[in-house]
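Chemist: Got a structure here, written out as structure tokens. Questions coming.
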Amino acid sequence: MSFTPSQLALLKLLGDGNCHSGSELGAALGITRSAIWKQINHLIESGIPIKRISHQGYQLPNPLVLLDKEKIIGNLGLAQRLNPFNLHLFTTIDSTNRYLKELPLSNSVEICCAEIQTQGRGRFGRHWHSPFGENIYCSSRWTLNYDLTKLSGLSLVTSLAILTTLNEFNISSNIKIKWPNDILWNDKKLCGSLIEILAESNGTIQIIIGIGLNVNTDTRNTPLPDKPWCSLYEITQHHFDRNLLIAKLIVNLERYLTRFIDHELNCFMEEWNQYDYLFGKKISVTQSANTLSGIACGINASGQLILQDESGRKHFLSSGDTSLQEKL
Ligand code: BTN
């Protein structure tokens, strides 16, 4: 899917959620009503849910604020940042993680965001649903001089940085983290992160942190077949400006990563325990061909999940897909 500058300009005008007549839009873009009609057709065929209202014009069902480089950079407060940043914004991309993986090495933090991902990727090779203009698909790449073996708590720290961001917007006190990095509200998935680590020949490592945060999708009315999901809109009944959220996410990620590198996971334990969704629950953890069941007993200082099986034996798990067996 690709949009011309006039199609993007149309989306910006329709983004206020009001009805606009063809002649008004034509005058704003300096093109004829029939040219507007054609452009609107293209947008509708690309999946943008523009309504045609007879004798009145065109309207989007919900307000839409497109991603805006200047707004994001403005909110990042670049002067106060520890690292230099580059921001890559796309209308459409296959996957923001994939883009950063193939971007040549640099000394800056590289950030990539898109309005839509055509091949958004989740953990365990799953698909990440990424509809146009509604949610956040944001990856950032950090180049570090750090011991690879100490990175096991990274996904937990990432989740804490995301949760801190959500708390800054007073979203809900009911948001929890399901080890290692699912963010849930009322048992439904609000956000996920996909972390990819690349070791370079010069001894540095690159960490790519991809965040998918459901922001403005009306998730109650658009259920997904495979799993229950929710959005900030479902929780609050408000639409959010993703530009502000993205900037706050990056700022908090930088803060949390810096603390993690300086102090490892120890200084995050208390915070983790406060938001641990699985704690005390009976769960199953699937690791490739194996499934283990037991009670989740929190994490250890390496970020491993502590699982106590029926015989009382404790297992320390570094990865896996967790699910609840039943509510205790
Ligand atoms: C998961 O919970 O399975 C992780 C989902 C991660 C999705 C994000 S969206 C931005 C980035 N690009 C991708 O292709 N995936 C991550």
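These residue numbers are counts, starting from 1, taken along the chain as shown.
Yeah, the Cβs are placed from backbone N, Cα and C, and that goes for glycine too.
Predicted automatically and left uncurated, TrEMBL annotations should be read as such.
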Chemist: Ser95, Thr96, Asn97, Gln117, Arg121, Gly122, Arg123 bind biotin in TrEMBL, but which of Lys12, Lys38, Lys188, Lys189 does that record place at the same site?
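Modeler: Candidate listed by TrEMBL for the same site: Lys189.
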Chemist: Quick test of your reading of TrEMBL: among 22-41, 62-81, 262-281, 282-301, where does it put DNA-binding region?
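Modeler: It is 22-41 that TrEMBL describes as DNA-binding region.
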Chemist: Identify, among the binding-site residues Ser95, Thr96, Asn97, the residue whose Cβ has the fewest other Cβ atoms within 10 Å in this structure.
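Modeler: Comparing Cβ neighbour counts within 10 Å for the binding-site residues Ser95, Thr96, Asn97 gives Ser95.
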Chemist: Which secondary structure state does DSSP assign to Thr96 (biotin binding site), in the simple three-class scheme?
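Modeler: Reduced to three states, the DSSP call for Thr96 (biotin binding site) is helix.
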Chemist: Which ones in the same chain are close to Gln117 (biotin binding site), with CB under 8 Å and 6+ residues apart in sequence?
Modeler: Thr92, Ile93, Asp94, Ser95, Thr96, Trp128, Ser130, Tyr137
Chemist: Taking the Cβ of Lys189 (biotin binding site) as the centre, how many other Cβ atoms fall within a 10 Å radius?
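Modeler: Total other Cβ atoms inside 10 Å, all chains included: 20.
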Chemist: For the DNA-binding region (22-41), what does DSSP give as the number of helix, strand and coil residues?
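Modeler: Split by secondary structure, the DNA-binding region (22-41) comes out as 17 helix, 0 strand, 3 coil.
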Chemist: Would you report the average pLDDT that the model assigns to the DNA-binding region (22-41)?
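Modeler: Taking every residue in the DNA-binding region (22-41) and averaging pLDDT yields 94.
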Chemist: With Cβ-Cβ distances below 8 Å as the criterion, list the same-chain residues six or more beyond the ends of the DNA-binding region (22-41) that contact it, or say none.
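Modeler: Tertiary neighbours of the DNA-binding region (22-41) are 4, 6-7, 9-10, 13-14, 50, 52, 57-58.
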